[in-house]
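J.: Features from TrEMBL:
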type: DOMAIN; residues: 24-474; note: domain 'Major facilitator superfamily (MFS) profile'
type: TRANSMEM; residues: 73-92; note: transmembrane segment
type: TRANSMEM; residues: 104-124; note: transmembrane segment
type: TRANSMEM; residues: 130-154; note: transmembrane segment
type: TRANSMEM; residues: 166-192; note: transmembrane segment
type: TRANSMEM; residues: 198-221; note: transmembrane segment
type: TRANSMEM; residues: 267-288; note: transmembrane segment
type: TRANSMEM; residues: 308-326; note: transmembrane segment
type: TRANSMEM; residues: 333-351; note: transmembrane segment
type: TRANSMEM; residues: 357-376; note: transmembrane segment
type: REGION; residues: 487-543; note: region 'Disordered'
type: COMPBIAS; residues: 514-537; note: compositional bias 'Low complexity'
Amino acid sequence: MAESVAKQAGMEGNLQRHVAPTSSLNLMKLRTFVITFTTYATFHVARKSFSSIKGELSRELWMVSSLTSQSNMYGLMDMVFLGFYAVGLYVSGMLGDRLDLRKFLAGGMVGVALVLVAFGVAGLANIHFFWFYLVLWGINGAVQSVGWPANVAIMSRWFGQGERGLVLGLWSSCSSFGNICGGALVSILYGLADPTLAWKLVMLASGSFMLMQSAIVYAFLVPVPPKPHLHDDTDVQEASSKAAIDEDDMCAPAGISFSRAWMIPGVASYAVAYACVKSVSYSLFFWVPYYLTAARHMDNAKANLFSILYDVGALVGSVVGGYVTDRMGGRRSLYIVSSLCLAGLDMQFLFGATEHMTGILLFLTGILMGGPEMLITTTISADLGTHASLAKNAQALATVTGIIDGTGSIGAALAQYVVGRIANCHSVCEDTALTDLTPRVCPTTCAWDSVFFMLQGCVVVGMLSLSGLVVQETRAAWHLPGNKLQHRPVLQSDDDDEDASLWHESKISGPDTPGSSASCGSPVSSTTADDTSSEAGSLKHRV
């Protein structure tokens, strides 16, 4: 009896030694959260830079080309940026599942920094050739595509499926946070320098921040959690440092084919929905400052402060969306459709509103659009990347994320060109000068009412693309025990909850996620395989 007790105590001691301390893992999770959050926020600071200086570029008639309409030139630049960004997302998503994410992400950030600095230097050098800036902005879109799939894949490896709703909801507010910081940066520089110089400083400052953040990523980011067989805190810290410096000894993930990722249930529907959501979101992101300067006759500093209200609303909406859908039992498509419906109604009153009401409506629109955008690109992408149908190959997080965000970017790219064409902004000069010393008045006129009508149409299409999933979730809410949905495992009985969750964590999450007991490249014993097989038989996955 004593021998059996001693043997059991020894086994428990060995088990405890083979599990990394929770406190160390939580600190490492926090560090990963902060680094990835600030990293992608920096990406959005870079994107906000160009959308915030359109008004000044239009006043200076800076870019010279055969295109007579300023909105056509800016719309074409936005389309090229998002077009290259979309194509790059498909490639970056697949590479992200196969390469060292730390080096891959840092390298992309250096590329973005160089493009932004080149844009600012070209302004200081008085280069007005439109096609030069167009090519430069296309390169910017391609290298910026590295950011989202890599960051989402890293976050999904560190945080399990049960905590992704709220955690990724908080984390995805990094885009809105970056937009806010970018708008604030523009307002500060426009207040400190002459507008003709300020927009050039905006591009140089954005590039400098991106370069500094890339150094932080390369030095401190740990893309995968430590192996669960580490012994103590010292081992955890040593493994973290080693992972941040050299990961050549790690086993490369298996990855998944591009066509196979499209066949995952729900990927196509959410990809189409996100194309519509991102078209609306990025149209407001790229064009609201220009709309406020052209239609509301605001100066650049004030217009950027108003545009920040939309970003603040999106930040609030991303957090609220994650929390509410977790409380709803994961019925995310139902929440997305409801939120989009309200957003469409909100945009009906945005055009032509008073100045104060414009600020209120921009904030409300940000809340209603921020939730769906966050859910599709983070929580839903992570869930689909670990779908039950991928039980034998769960290394698809970056690929699925790249597909969904890439498809959304294609839709957004086309939308930017359409917005520029529909708006058809052009200056109408009035010969009202009393003397030769009095400058002529050349107000800018645009068809903004047609633009907002087009955005409402995109919202309707996005709602229709998710209608089938809404029906499934509604039926699941009434008929399935525990309100478990089709992309999550449905347990046969409550008694199996603990064993099933353990099997799901180890089997679905893969060796590079918390909770996995198999280290990379380690053989699995026949006993373990048999146990896993028997536990798998106790689960029923609803697809």
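The backbone N, Cα and C atoms fix where each Cβ goes, glycine too.
Because TrEMBL annotations are produced automatically, they should be read as predictions rather than curated entries.
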J.: Sequence gap of 6 or more, Cβ distance under 8 Å, 3 or more pairs: do the transmembrane segment (267-288) and the transmembrane segment (130-154) meet that?
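T.: Contact absent: fewer than 3 Cβ pairs fall under 8 Å.
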J.: Looking at the transmembrane segment (198-221) and the transmembrane segment (308-326), are there 3+ C-beta pairs under 8 A, with each pair at least 6 apart in sequence?
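T.: No, the transmembrane segment (198-221) and the transmembrane segment (308-326) are not in contact.
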J.: By a Cβ-Cβ criterion of under 8 Å, what residues six or more beyond either terminus of the transmembrane segment (308-326) are in contact with it?
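T.: Distal contacts: 165-170, 172-173, 175-177, 179-180, 183-184, 281, 284-285, 288, 332, 335, 339, 359, 362-375, 379.
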J.: Look over the recorded stretches 73-92, 104-124, 166-192, 333-351, 357-376 and say which has the most C-beta pairs under 8 A to the transmembrane segment (130-154).
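T.: Top-ranked stretch among 73-92, 104-124, 166-192, 333-351, 357-376: 73-92.
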